[in-house]
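Student: The following block contains the structure, expressed as structure tokens.
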Amino acid sequence: MLELKLRAERAAGQLEEADEVEAGFRAALLEIALYVFFVVIFGIVTWLSAIDVAYPYASKIDGVISGDPPASLRDVYQESQFWAYLEDTFVPNVFVTTDYNDSPLDPSRLGYVLDVDKIIGSVRLEQKRVKDDRTLCPIPPVYASLIDTCYPRIRSELDVSAEVYGPEDRFTSTATGFFADFGGQRFVQDLPNDASVDDVIATLRSLRKDSWIDAQTREVRVIFTVYNPAADLFCNVQLFFHFAHTGGIRVEASFRTISMLRQWLLLTPTRTFFPPELRHQLLFALELSFLLMVLAMVVAEVRQLARLGWFAYISSVWNVIDLFNLSLFIIFFFFRFFFVALTSLLDFRPSPSTYSEFRYMAGLVYQSQNLTAFNCVLTYIKMFKYLQFSTRLSQLTHTLTEASEDLAGFIFMFLLVFMAYAFSFHMAFGMDVSSFQDFTNSFFTLFLIILGDFNFEQLRLANDLLGPLLFISYIVIVYLILFNMFLAIIGEAYVRVKEKTSAFEDPF
């Protein structure tokens, strides 16, 4: 009887344990299903928010604005080429007043780029200047009689006031207020988008005659925004001409596509300018649902933090990833709300001679895309957190955990060697090879060398002694030794994980 009772108790315990395992298994499945649903919603929102035509739209505008050699945007290296580019390439391609048959355009068709992209407001020329400051740009006594002035690199505290810069007949004014760019005053000239080519060129030549650009100029920007009704997109164009304190001009260009986020304009007066359609209403409901899901996850994380305490909470790598992931989601929606708020401050239908500032909206869209891009990685990597219930599907995370101590030591050694070579290559080739002109470029170029992207002949010609020596030693130490050490660490950890998990039955 006693033996039968013990067997019954043992069987009951096994049944209870089986029930607990099954309950845990169901809870795990539910948690996985909820997160998969969250990821699906995130994927849909991301996919619908992406602008598929952004690149072809911006690249076509880039092509017509940049022009062809020898008067292209990328061919500008000095002041004379700057004026030549504006007069010979930029103005004829932007201020179009005739069709392809050289017939005058109808006044309603003025202010278009590529025939379909309407310029919103005026085209702005914006200049940043500095003044002669001997305290920040001292002239050595030995050259005091040879060099009378010195204009330093651009600094916000060295902006020239309007009174110092010159009279109003130079067609300039200062840009101030909420939409003035960071870094103090800028001096501007607005060009009406319906002006003729001859009128615009006359204005530019007047500026050139009055020495609008001189040794005090440090930066000139050409800024305007176009709208394409078929794509329902804006494109903010900025051409940067950096007048270096070392001489010459360095050119950059920015073509940022802006979607008006009509789904969020439902809540603002701006919806009268951009009426939302049914698809925008559905997208708004989807994004609002996604926001509520994010807030629910934030509440759950706050409760877990309160229960575990700060130190115990951050001791888990997955909790740290959750913290970053949800923080980026909150920042993303803050950008959304700020974008909507900015729409109430913009003039979407300015006169042809009035400038309308779209740079902040373009910047918000750009940064939102950056946040989403990085958050995509975190969101999908978090799937491994929920796959830990399966010994088969969690081998990656278990392998990295098993190898964490060895990897920490390896990363320290790798960074030590890599930093040493980054400085060495910069010092040896920084004056001759653009890829090593500064530490940052040197750092990234060495990563490309690991991937097989290098020009050995360029290094040898730049420094025939250190070129081969540094290159060969770098390849041997980093690629042949450290890289194989990394593979060995991961391989050994994977073998240990396989040995540990082979005895366990995978419920999945």
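Numbering starts at 1 and runs along the chain as displayed.
The backbone N, Cα and C atoms fix where each Cβ goes, glycine too.
The transmembrane segment annotation in TrEMBL covers 32-51, 282-306, 326-348, 369-387, 407-427, 439-456, 468-490. What TrEMBL lists as domain 'Polycystin' is 74-261. The disulfide bond annotation in TrEMBL covers C137-C150. If you look up TrEMBL, you'll see 284-497 marked as domain 'Polycystin cation channel PKD1/PKD2'.
For the listed features, I'd like the structural context: burial, neighbours, distances.
Tutor: Beyond the ends of the transmembrane segment (32-51), by six or more residues, the same chain brings 233, 257, 259, 283, 286-287, 289-290, 293, 297, 372, 376, 379-380, 382-383, 386-387, 389 to within a C-beta distance below 8 angstroms of the stretch.
When Cβ-Cβ distances below 8 Å are used as the criterion, the transmembrane segment (407-427) is approached by residues 400, 436-439, 441-443, 445-446, 470, 474, 477-478, 482, 485-486, 489 of the same chain, each at least six residues removed from its ends.
For the transmembrane segment (439-456), same-chain residues at least 6 beyond its ends with a Cβ under 8 Å from one of its own Cβ atoms are 418, 421-423, 425-426, 430, 467-468, 471, 474-475, 478-479, 483.
Residues 399, 403, 406-407, 410, 413-414, 417-418, 421, 424-425, 428, 446, 449-450, 454, 456, 459-460 of the same chain lie 6 or more positions beyond the ends of the transmembrane segment (468-490) yet place their CB under 8 Å from a CB of it.
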Student: In terms of Cβ proximity under 8 Å, which residues at least six beyond the ends of the transmembrane segment (326-348) contact it?
Tutor: 120-121, 178-179, 260-261, 264-265, 267-270, 273, 287, 291, 294, 297-298, 301, 354, 356-358, 360-361, 364-365, 367-368, 371-372, 374-375, 378
Student: Averaged over the whole of the domain 'Polycystin cation channel PKD1/PKD2' (284-497), what is the pLDDT?
Tutor: 90
